[in-house]
Structures are given as C-alpha cells and as structure tokens.
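S.K.: If you scroll down you'll find the structure; I have some questions about it.
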C-alpha cells in the first residue's frame with residue numbers, strides 16, 4: 001500500500017499519517033481506519049453536503065485549511081457504513097466493551113504555538129486510537145510515530161487520563177450493527 005504524504009511506516013503494520021495544515025480530522029479518520037480513505041477534498045465535499053446553501057461553511061475553517069467539526073467525521077464514517085457513538089464521560093470506562101469497538105477518536109484541547117513561542121490559547125485537536133495486532137496505539141497525527149498503549153488496560157488508562165483533564169470528548173467508531181445493538185456498552 002502506498003503511503004500518503006506525511007504518513008509514517010513505523011511500526012511496519014501500523015498506518016500513521018502526520019499532521020498537515022489543520023487536517024487532524026482527516027488524519028484521525030485515516031489513522032483509525034488504517035488506510036488513506038479521506039483527503040481534504042473529500043472532507044470539503046462533505047462540508048458542502050452538510051451546508052449546501054451556506055456561503056461561510058460552519059463545518060470547517062474559514063481559511064480553507066481544514067479544522068473540520070464532528071459532523072464531518074460522523075458523515076464520513078456513515079458513508080462507509082460505520083457509526084460514531086459519543087462516549088458518556090460519566091460512565092466508568094470499565095463499561096466500555098473495547099472488543100466491539102473498531103477504534104476511538106478523541107477531541108482534545110491542544111496548545112497553540114508560533115515556532116518556539118507558546119501562546120495562551122487552546123484549539124481543538126482530533127486524535128485516533130486503534131488496536132492493531134493485539135496492541136492499542138495512540139495515532140495522534142502530531143506524534144512522529146504511533147505510540148503503543150498496550151492492551152485494554154493501557155488504552156483505558158490513557159482514556160482515563162485524557163478525560164480527567166476535562167474538555168475531552170470521545171467518539172467510539174463502530175459498525176452499524178454494534179451501534180444498533182448497543183453492544184459497545186457492557187451491562188454486566
């Protein structure tokens with residue numbers, strides 16, 4: 001499989017796109033799906049479908065550099081027959097049935113910097129988590145390479161730390177069948 005510009009081949013079996021412009025939503029989608037299925041052009045087309053009569057599209061940056069909102073991610077997944085389910089942060093993470101989840105997409109606060117100068121601003125950043133060959137990885141496009149989180153306990157610890165910082169939202173990427181049956185949630 002050919003790599004997209006900015007994609008990292010290491011570890012060899014884990015697909016990982018690196019950050020370009022404000023395309024973290026596109027990178028998170030491709031990283032969670034483990035292949036390049038979406039581009040900036042595809043995301044822009046989804047934006048046009050979501051707001052066909054809008055001169056200033058509310059689902060992306062006014063500058064045309066990306067910064068797509070959750071509606072674009074959800075529509076992209078729906079177009080593939082998948083679903084995005086919001087994780088209710090009030091639930092204990094032990095109720096998350098990880099084997100039923102294809103991957104996770106987190107929306108996190110991210111610091112803003114100009115070169116070496118860090119600004120007192122926060123933007124939102126999309127990050128993918130995915131299991132590959134029995135190991136969960138943090139596939140944040142701002143990382144040089146995927147970061148191994150380990151097994152289910154490792155990914156739950158990562159999620160707990162992210163949720164504890166506040167302002168973190170978690171989307172579960174699941175099949176339509178899993179969404180309809182609600183089996184992404186343990187009830188025992």
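In case you wondered, yes, glycine gets a Cβ from its N, Cα and C as well.
Pulled from TrEMBL, these are the listed features:
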DOMAIN    11-188  domain 'Josephin'
ACT_SITE  24  active site
ACT_SITE  125  active site
ACT_SITE  140  active site
S.K.: Please compare the active-site residues 24, 125 by how many other CB atoms fall within 10 Å of each one's CB, and tell me which has the fewest.
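M.R.: Candidates: the active-site residues 24, 125. Fewest Cβ atoms within 10 Å: 125.
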S.K.: How many whole Å apart are the CA atoms of residue 24 (active site) and residue 140 (active site)?
M.R.: 8
S.K.: As a test of reading the model: what is the averaged pLDDT for the domain 'Josephin' (11-188)?
M.R.: 85
S.K.: In sequence order, which residues at least six apart in the same chain have a CB under 8 Å from the CB of residue 140 (active site)?
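M.R.: 125, 127, 128, 147 - these are the non-local Cβ neighbours of residue 140 (active site), listed in sequence order.
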